[in-house]
Each structure stands twice: as structure tokens, then as C-alpha cells.
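Asker: In case it's useful when we look at the structure, here is the feature table from TrEMBL:
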type    : residues                                 : note
DOMAIN  : 9-197                                    : domain 'Thiamine phosphate synthase/TenI'
BINDING : Q41, L42, R43, A44, K45, N72, S116, K146 : 4-amino-2-methyl-5-(diphosphooxymethyl)pyrimidine binding site
BINDING : D73, D97                                 : Mg(2+) binding site
Amino acid sequence: MRNAPDLRVYLVTDAEQCESMGRSVLETVEAAVEGGATCVQLRAKTSDGGPFLDEVCEVANAVGDQVPVIVNDRVDVFLAARALGVPVAGVHVGQSDLPAKVVREMIGEVAFLGLSVGTDEEARIAASEGVADHVGLSVLRTTATKTNTPDVLGYDGCERLARLAVMPSVAIGGVGIDDMAPLKARGVNGGAVVSAICCAEDPKQAARDLLNAWSSAPDAGRQEATGVSDR
């Protein structure tokens, strides 16, 4: 199995949400990493390549030696940042982006490669191809930032897809502090959060609380004994 990043508290940035709280993406990320975020994905779906590259370089230069910084979708921006000597760690792609096999050829064997899966078949294909090192389980529930998605998975769906993918997994879609224990109990390796940190009054404390919630939760296989349930 390939190495994967630490997925426990996986921050996915949203520039509009950060700005609505009077902070830049960089300020939000720095605070979250200080609080305990274990991985950062930079997402700028409406940004041109140049400005997004600037953002990636700024953030990765600030925190890339502390946590993995993953570039969403834009393989070209990842490669450009690498060419500039910026410590970006990998790429995350969805089902409608460049094929994972092609992306792996482009970014090499060492960089992290995450792949979104939302159905049983997508999870099985991810497992059989073996080019990604972790999967994003999309979506736990529908949110304003995750609307064009397959059926909502819920906790049980996340557990099923995580098992089918046979690699580390992180759930996304409305993930908050109350989801950390149920996800961990079902064998998922972390929660990908957007608004739980980007819209928090104190992103440092929000990240710390999320990490504490994950760390204090029982491991998979102990939910019956501890009463963890999605009901």
C-alpha cells in the first residue's frame, strides 16, 4: 500500500468563507495548522492559474514543512509550484477531472494523490487501479460547497466505500466535530472539513477541538461497546 498523508483533520479551504470571517486563506490555514490540522487542501475552482499558483506558493511556503499541502484538481499548478521549489505535497482529483492514472504519471510516485469516490464502483476501481494513496468519500451529507455529487453516503455508506477502496479514506460533506467519533468508529481515517474551520470564529481552536474529538474517540470495531451510533 502507498504512503498516505495524515487525514485526521483535513482542512479544505474556501476563500469566500475565509474572507467572510475577515481572514485570508493563509491566515486561516496558519491558525488551523497551529491548532492541529493534519493536512491542507487548497481549492480554488473559480481561480485562474496564476493567482491560484500564488496562493499555493504562499501557503505551502508557510506551512508545507509542518503538514502536507495538497492542490485540488490543478495538476498544472502543482507542477508549477514544484518547479519553483515550493513544498507542495500532492494533488486531489475528482471523477470528472484528469484520470487518476494519468495524474500519477504526471506527478510521479512520491507525491500524494487523493481521489474522490462516491459510489461502490468508483471505490472498487480506485482499489484495482492502485494509483491513488487515499480516497475522499463524497459526500457524507450535502452542503453548499458540495452540491453536484452522487447520493449522500451517511456514516454507513462511508464505511462501505472505505472498505471497498482498501486504502486510507477521509469523509467530506458537512463534516463537523460531532462526526469525528462516528467516522472513526466506522474505519474512516479522518474528516475533511471546510466551514467547520473556515467559518469558525477561532480556526485555531476549531482545529484543536476537531483533533481532540478524533483522538478521544474509540477506534473502529469498538462502537457497540462505547455506544457510538449514527442514529
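Easy rule for this one: first residue shown is 1, then count along the chain.
Including glycine, each Cβ sits where the backbone N, Cα and C put it.
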Asker: Please identify which of D73, D97 has the densest Cβ environment, defined as other Cβ atoms within 10 Å, among these binding-site residues.
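Answerer: Going through D73, D97 one by one, the largest Cβ count within 10 Å is at D73.
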Asker: Can you tell me how far the Cα of A44 (4-amino-2-methyl-5-(diphosphooxymethyl)pyrimidine binding site) sits from the Cα of D97 (Mg(2+) binding site), in Å?
Answerer: 14
Asker: Kindly state the mean pLDDT of the domain 'Thiamine phosphate synthase/TenI' (9-197) in the predicted structure.
Answerer: 96
Asker: Rounded to the nearest Å, what's the C-alpha distance separating R43 (4-amino-2-methyl-5-(diphosphooxymethyl)pyrimidine binding site) and D97 (Mg(2+) binding site)? Just drop the number here, would you?
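Answerer: That comes out at 14 Å between the alpha carbons.
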